[in-house]
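For reference, the structure is listed below as structure tokens.
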Amino acid sequence: MFELLIQGFASLLDPLLLLLLVGAVAIGIVVGAMPGISPSLGVAIASPLTFVFDPFTGISCLLGIYIGAVFGGSIPATVIGIPGSAMAVTTVFDGYPMGRKGKAGLALGISTISSFIGGVLASLILIVLAYPISQFALSLGPREYCAIAVLALMAVASLSGGSFLKGAIACLLGLFLATVGLDEINGQPRFTLDIPYLMGGIPFIAVIIGLFAIPEIMQRFERISHRSQPIVQVSKVVPSWSLLRRLLPAQLRSTGIGTIVGAVPGAGADVASLISYSQGRNLSKRRERFGSGEPEGIACSEAANSASGVGALIPLLTLGLPGGAVTAVIIGSFMIHGLQPGPLLMRDHAPLVYQFFATTVIVNFIVLLIGLPGAKLFARALQVKESILLPIILLICIIGAYALRNNPWDILVMLGVGVFGYYMAKAGIPRAPIVIGMTLGPIIESEIARGLLITRGNYIDFITPISAVIWAIALLPLYLPLLRYVFRRIRRRPHYRNQPS
């Protein structure tokens, strides 16, 4: 393992690759710094543009954009009080008050260093845990793997937004879209309406660009502003050594929380940052200062954000399961490059996987190296007028949807899905579960087919002891409300004293 990791770092010594990673991280930071333009949107737009590279270079650039965008969300949270994405909400609590006190640069410096520490330590955890998890996954059969995929789907439905029903509807819609095209088992067309274009299925890249980019563009056109954002001044960026030493325990604790939460499908960095911020406030000696410009609050939030982003790669690379919308897009990029993430990838392409491990470490160093000196420059990206920015993003979306297959119908699919996603957002239905459903659908279908082949069509034998436990956990969101109702009725039942006869 150590030799493969050394080879992975050695492969990153290519000057052209390093230059591409620096550019990817810079683009990611700018994407994250634009309020409302989420990391998933940035990665979705960039995905088709990376197919001109080999798989390692292309996916490494996506990882650079992803990790850079996770950090970039802290910039608007600090300088204008608006989080770049949902995961930076807790950064606003203390980052913006520090900015109002003339310490915006210091707040950005703490954000950068905390993101670096969280990202690097989470990468080391990824490196340590990936091999044993993948080895355990290889010992599982199709029946257990099917149950794990359903568990991931149910977790996403439960943790996406506030309604399990809306999350489940989105997941089912994603599963339906995954069935369009030729059946992978018997080659029969399904839901194609005799349209030749649909024989190959719904184009994945067009769907993710349509779901994440077009609705956001439409929503922002509704409230478009021709004015640039007023920002606070960014001065001193590098914090003192004494402050860094004081923040280190909070950063280490938040890294652990972020990595664990990030590895749970559907939880996301926003959940990780909220848990970490709450724990940090409860354990801090300065808890009364949280919310008024306390550096420890920024450290908790940003370390958890960065660690969660890397933690989401644990189920992606070891089990082939997406932890969220961004990792679902990255899985799609793997598959388009001819690679299937999961334990077989670890077994058959171990050098490539360890190159990705090394990439996550190097990318976090790049975030540190360009985040500290470039804080003032990235803050100025907020002054770009939306009336200029949005048409450029729309043009990039159209190019990205067309570039992969050179098919104009993909543009129409992107626009149609985008309009549908816009009304989904209006209805409060999450869009990320659709992408995750499209990703997990073929996995669930193929594992069911393999499992039934083993059991010779016997559905009873399809359930093994291990899969039964996983199924019980997966179906918990369905029978938990019933159990709560029963226990509530039991508590409300009146108790009568025994009367003497």
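Every residue gets a Cβ built from N, Cα and C, even glycine.
Unlike curated entries, TrEMBL annotations are predicted automatically.
The annotation domain 'DUF112' is assigned in TrEMBL to 18-436. The transmembrane segment annotation in TrEMBL covers 12-31, 37-56, 63-86, 106-133, 145-177, 197-218, 313-336, 356-375, 387-403, 409-425, 432-454, 466-487.
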Cβ contacts the transmembrane segment (387-403)/the transmembrane segment (197-218), at least three under 8 Å, sequence gap 6 or more: yes
Interface-richest range of 63-86, 106-133, 409-425, 466-487 toward the transmembrane segment (12-31), CB pairs under 8 Å: 63-86
Same-chain residues at least 6 beyond the ends of the transmembrane segment (145-177) whose Cβ lies under 8 Å from its Cβ atoms: 137, 191, 202, 207, 264-268, 271, 315, 319, 321-322, 324, 424, 427-441, 443-444, 447-448, 451, 466-467, 470-471, 473-477
Criterion met for the transmembrane segment (409-425) and the transmembrane segment (197-218) (at least three Cβ pairs under 8 Å): yes
Seg_contact(the transmembrane segment (197-218), the transmembrane segment (106-133)) with at least 3 CB pairs under 8 angstroms, min sep 6: no
Touch test for the transmembrane segment (432-454) and the transmembrane segment (63-86), at least 3 Cβ pairs under 8 Å: no
Surrounding residues of the transmembrane segment (106-133) on its own chain - C-beta under 8 Å, 6+ positions past either end: 1, 5, 67, 70-71, 74-75, 78-79, 91, 94-95, 98-99, 234, 236-239, 243-244, 247-248, 251-252, 254-255, 258-259, 262, 295, 298-299, 301-311, 313-314, 317-319, 346, 353-354, 357, 360-361, 363-365, 367-368, 371-372, 375, 379
Segment confidence, the domain 'DUF112' (18-436), expressed as mean pLDDT: 82
